């Protein structure tokens, strides 16, 4: 039966029609947003600092009061009443309108910032000018479209983070996790890089928690030069950037699963968990979607690896006397690392991979090997057939802008909140690979208590069919799981728990659940 | 090729079909008139509450059945004809079987109340019941008040559902405290409080006398045995369920409350079996009842019978009792046996702990003399099933269980834990000096 259309009909209206306080808070928040939108038309309001403060404050207050009106008078507990009846959260008219508006905003932001008032070599106008005072206070520079975006992004995470904590206030894990993403966004992604820019003008903008390959540009020539020119601090940061890929992240992922990053630290994750929370149930759980996800996300990793290799390669020289790292040494180094990883997986972890994953790994490895081999036959600047610059711009356009921004966030109300993390993020794929193969993290299931109700799967933002595992009593070890903990929270029978335990028996398919006498369990498991 | 016909596509019938397919190539047919594909009945409430769409309650994608060669017939079985090894459907179709499995589940109890068949009066069990409720109580304007009769798990679920749409609910409970035939008094009392906090008008010790009709044959009010008339638009009858076996009356299959089966899940007629809610053991297994309408017992019977049908005769042998439920916001789990005051065994002693502020409590039952651990009820705290199953097998003492309670905690990370407080209370109540042991993965996973 479809109860989906109820919100559009006269009878059977959604149970959660807005109460009076919520209507007032919508008005407050929309007024704040309205001020920003008025700026698009280049209205001169006078004191930018004042109007910006009023606008941001009203938006924050609107969301804050809205959440208070929604949750404060209710008991602690799961609050998904009417989610599928509301137009905004069930791909109704409001959902589509929001999706279109967000997508439009991203397109303007990435490709037409002049419509927001960005002026090259001159004073900003419009919305961007409104943010100038804040930007100048932090970094001393006038605002850019990225600064405006960063400020709004942070505001969204803070305001909706509070909403999220209110909604899950009975749940210590959710509260702390949300505080963590709010902190990392505000401090590491927003304020610290700006202040660093002020203290040391030559240092490239560096969000420390944002590591390669998410910041695929980290090893480009201008940044490397920036780091090196900035002296010890710069070198330390460059070193940290490399360390975080090869040492810090594998260790943390071993201990805690990829959740330490994806749902506690990452900015994209932070936005998905807070602003995107009302849309988490929209992710596609079909087997087909899972297959697409595996191929797409791993292709992105391969692409980003090739691209970074090509980019670094392009500015290295051939002369060892000038600099120890030459084109050839670098390529050999990359080949050795990739071969080592590939060999390790194929020798020790092959059993844990599905057939198509094995084929994929072999295929990708061959491609990389061939391309690197071609280095010795191609001319300078022409690496891997393509120009490194072509690769770089293709990636930054297709993945960096279209996928991570326009689709990833713009389509929240259509495809759920983690489209980017699921299908596009190379970082998530690499961490997921580590999580799948050698982490202590898994989601355990509680004996035979599962009643297959499907709350866990419905609310999994990563599109994992959690129930399929839970009803078999299997631990859940999936590359894509970001450990948000919502499956465990919404389970009415307390079946699921996120655990960092010993690796023994982490992946243990059992076909019969606890409850039957032991003989039957043994019999079926023997098969 | 042997043809196995299963009547009913609930958890027991579907589990049976899946396992038969795993073990063999037999032809499998499932007949159901309730829904096209298998869905989780226990999740129906979430559809009405808007947490999920109906599709989300279906554990398998629609192409699963074809892929696994499980034939689905949408039909209502009117008669079973054991002589001809045939079932006849209401549309006149006849289906021949080599083995027949009855897995028709339950239907809501009706105790002959005057007016129980009026419009607006309904139970909550099937998909059709849910559709009916959507019609009867779409919102608080159409349904100005609902009265729910029966103080069990379905009753409280129905109350929660209606409250999610702001519909005022009066909840008539025959017992003097909610579910106190099952729960010890401390727990039952806590749930009473919780129900009232959710603005449900809970009337304890109150029976339904009759349902009054308006001029259109629709329920307009209920009269209680206390002489009170309560105006309402919907009456929910949730006073338990009985096996859904009326269509078997003249089939020659031995019936009691349900379809009588032995431990092999065989009926009195060869090649006819019954599993799930509708099956009745000649005698209860252990302290279990002969008919157990629980999700997991249906699943287990399906797993067991699949073995028998595929050439490995296996007795139905459920392990230790366990169950779980959710009362509005409070999760409940139970492992082993903790009986209510009414059904308590003479050797059974209880330890009860309740949090001073939060809605959290546990009750542990143990043997008065031997201190053997018998069972635990936990509310608002999650505990690990596997460990309690093991401890019950090993006949551990209550002291041992408390000492290792931290191993058993299954709450999400970063939750407050209460083992220390629980043990302190136990030490005080029973003059003991138990010290909690630190959580150990080695013990939990039995790593040597």
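Heads up, the Cβ atoms here are built off N, Cα and C, so glycines get one too.
Unlike curated entries, TrEMBL annotations are predicted automatically.
Residues annotated as domain '4Fe-4S ferredoxin-type' in TrEMBL: A:441-469 (among others). Listed as Cβ neighbours of the domain '4Fe-4S ferredoxin-type' (A:441-469) (distance under 8 Å, sequence separation of 6 or more from its ends, same chain) are residues 80, 253, 256-259, 272, 276, 280-281, 283-285, 287, 289-290, 293, 416-418, 421-422, 435, 475-478, 480-484, 486-488, 490-501, 506-507, 513-515.
The domain '4Fe-4S ferredoxin-type' annotation in TrEMBL covers A:472-501 (among others). Only residues 6 or more beyond the boundaries of the domain '4Fe-4S ferredoxin-type' (A:472-501), in the same chain, are considered here, and those with a CB under 8 A from a CB of the stretch are 78, 80, 168, 171, 173-174, 177, 255-259, 262-263, 269, 273, 280, 293-294, 297, 418, 421-422, 428-429, 432-433, 435-436, 439-451, 453, 455-464, 466, 507-514.
Long-range Cβ contacts of the transmembrane segment (A:24-43) within its own chain (Cβ-Cβ under 8 Å, at least 6 residues beyond either end) map to 18, 51, 54-66, 68-69, 115-117, 125-127, 129-130. Feature annotation from TrEMBL assigns transmembrane segment to A:24-43 (among others).
Feature annotation from TrEMBL assigns transmembrane segment to A:49-72 (among others). Outside the transmembrane segment (A:49-72), and at least 6 residues removed from its termini, the chain residues within Cβ reach (under 8 Å) are 19, 21-22, 24-33, 35-36, 79, 130-131, 133-134, 151, 155, 158-160, 162-163, 166-167, 169.
Here TrEMBL flags A:93-112 (among others) as transmembrane segment.
Per TrEMBL, transmembrane segment is recorded for A:146-166 (among others).
Marked as transmembrane segment by TrEMBL: A:178-197 (among others).
Long-range Cβ contacts of the transmembrane segment (A:233-254) within its own chain (Cβ-Cβ under 8 Å, at least 6 residues beyond either end) map to 200, 202-203, 206, 208, 211-212, 218-219, 224, 226-227, 260-261, 430-431, 434-435, 438-441. TrEMBL lists A:233-254 (among others) with the feature transmembrane segment.
Taken from TrEMBL, the feature transmembrane segment covers A:295-316 (among others).
What TrEMBL lists as transmembrane segment is A:328-347 (among others).
TrEMBL lists A:359-377 (among others) with the feature transmembrane segment. Using a Cβ-Cβ cut-off under 8 Å and counting only residues 6 or more beyond its ends in the same chain, the transmembrane segment (A:359-377) has close neighbours at 294-295, 298, 302, 305-306, 309, 313, 327-328, 331, 334-335, 338-339, 342, 345-346, 353, 383-385.
Per TrEMBL, the feature transmembrane segment maps to A:397-415 (among others).
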The domain '4Fe-4S ferredoxin-type' (A:441-469) - residue tally per DSSP class, helix then strand then coil: 8 helix, 5 strand, 16 coil
Same-chain residues at least 6 beyond the ends of the transmembrane segment (A:397-415) whose Cβ lies under 8 Å from its Cβ atoms: 88-89, 91, 94-96, 98-99, 102-107, 109-111, 216, 268, 271-272, 275-276, 279, 282-284, 300, 303-304, 421, 423-426
Selected stretch (most C-beta pairs under 8 A with the transmembrane segment (A:295-316)) from A:93-112, A:178-197, A:328-347: A:328-347
Long-range environment of the transmembrane segment (A:93-112) - Cβ separation under 8 angstroms, sequence gap at least 6: 8, 86-87, 145, 149, 279, 401, 405-407, 409-414
